[in-house]
Amino acid sequence: MAGVSFSGHRLELLAAYEEVIREESAADWALYTYEDGSDDLKLAASGEGGLQELSGHFENQKVMYGFCSVKDSQAALPKYVLINWVGEDVPDARKCACASHVAKVAEFFQGVDVIVNASSVEDIDAGAIGQRLSNGLARLSSPVLHRLRLREDENAEPVGTTYQKTDAAVEMKRINREQFWEQAKKEEELRKEEERKKALDERLRFEQERMEQERQEQEERERRYREREQQIEEHRRKQQTLEAEEAKRRLKEQSIFGDHRDEEEETHMKKSESEVEEAAAIIAQRPDNPREFFKQQERVASASAGSCDVPSPFNHRPGSHLDSHRRMAPTPIPTRSPSDSSTASTPVAEQIERALDEVTSSQPPPLPPPPPPAQETQEPSPILDSEETRAAAPQAWAGPMEEPPQAQAPPRGPGSPAEDLMFMESAEQAVLAAPVEPATADATEIHDAADTIETDTATADTTVANNVPPAATSLIDLWPGNGEGASTLQGEPRAPTPPSGTEVTLAEVPLLDEVAPEPLLPAGEGCATLLNFDELPEPPATFCDPEEVEGESLAAPQTPTLPSALEELEQEQEPEPHLLTNGETTQKEGTQASEGYFSQSQEEEFAQSEELCAKAPPPVFYNKPPEIDITCWDADPVPEEEEGFEGGD
């Protein structure tokens, strides 16, 4: 905000002011206003009529300043009044801007006694202004008025004196009084100075005491801190000592346990080595390798499907020849106990298996017997077929086996799948295993076995069934190297049911009395032998022992063993290794338990054998396999019962 300016019309302003304050001049008032549109102050008018004339020159649209001289009858000198006129029609913004100019205007016009603010003529009252001047509210000092008074004093007349004679006593009292007060004043100053020094000393002493106390407190805190640190350090050392002792004790215990563990491991290793050596020694004492038995049986089973069957009187029923090929019963395989399976999965069992492999690879295979004559191979007898079936069935036992509940043969009617499978297997094995030198005594025994088979099955004709004796004979007695009561049948035969019609004539049935019959067992003893499942003896460890077969030729019929049939099959076609090989060859699919007794490779060989023989129907296998495990057969130790059994043979 810009202030009032006196530079533009300064001379005019001062000239009018001098005219008013000079006593010789007749003018007693002057009126000032702003120049249009600016803050420059200028002279508007002046006159000699006093307040009455000045009040008539104020305008309502402007801001104006009136300087007037008022004479009082009681005062010797005139009084000066400054009137601040703000018209009623002046804008508010202009009023605010000019409000700060009043002080500067009063300073410019020196000697102003009273400042009167007015916005109308009624506000300018000569009586009110005179009252304010007489009450002493106006200023009494002014540079102009001071000069005027000095001028009046110079013109004044001299006055009389007021001197009086000096009194010594009074003067001494005055002097003494003054000295006393001066001395008192000095003493007071000294006292104050001493008090100030004492206060300063007290403050210094207090500060020193405070600092000393703080130092002592700091030392006490440091002492307590050091004591605490010492306690902590001592506790830490004790803790470390305890931890070191605990670590030593633990290390000592670990060393003791480690030595004990090492001793146990060494003892276990020695025991394992002794078990391996013992197993190797036991395996080395075996005359034959059980693995070769499974190979031979597998090859016989694979080749039997491809061979062409010769018509026999017992297989001329409609559908019997087809069912015999479709329903082939799997050869029973011995199962393993849980203890054997758990042993095979241990490192000791693995070492035993490796030792078995080494011993097996070092043993030469048994020599096969001479091949059978061509006549009997081409035209096998049904009696020999049934005998081969009964003789091959016990050879499937290779160790102690726990027979499951479902192993018992269910009741079968005429033409059941199990009976057809029995005839099919007998016929095919008879083709492969025809006897080399038929004997009269052996033929008698074979004749009885054929009669027993015809009695157990219902697939033969009624006329043939009538010619067979009803007594049941223990077929296990025909097993070579087995002795009396060595084994019993696994299934219970049922009485045959005659078929509805006679489809096989007597002319097709061979004469059964061409050889001398063997004396039959008593009826009670035969039934007890067939039906007693609780007294089954354990078969020997090996079944393919040529020496045992030769040694017991009088008690059993001399039939060609499996190696002879195997030799014939190898001359015709070399089959692929199948799932029944005991760990020497890798299983093709690894799903023997889910796909059935025969693996996929055997099914392929059966498919190839069908091309060789157009008369043979496609084989049908069962999907439910026997619950056995033959993967680690050689790793199983020979039980004591088997050793005693072999010793008895």
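Glycine is treated like the rest: Cβ placed from N, Cα and C.
According to Swiss-Prot, of the candidate residues Thr335, Thr586, Thr591, the site noted as phosphothreonine is Thr335. In Swiss-Prot, the annotation phosphoserine falls on Ser141, out of Ser46, Ser69, Ser141, Ser304. Per DSSP, the domain 'ADF-H' (3-134) is made up of 45 helix, 36 strand, 51 coil.
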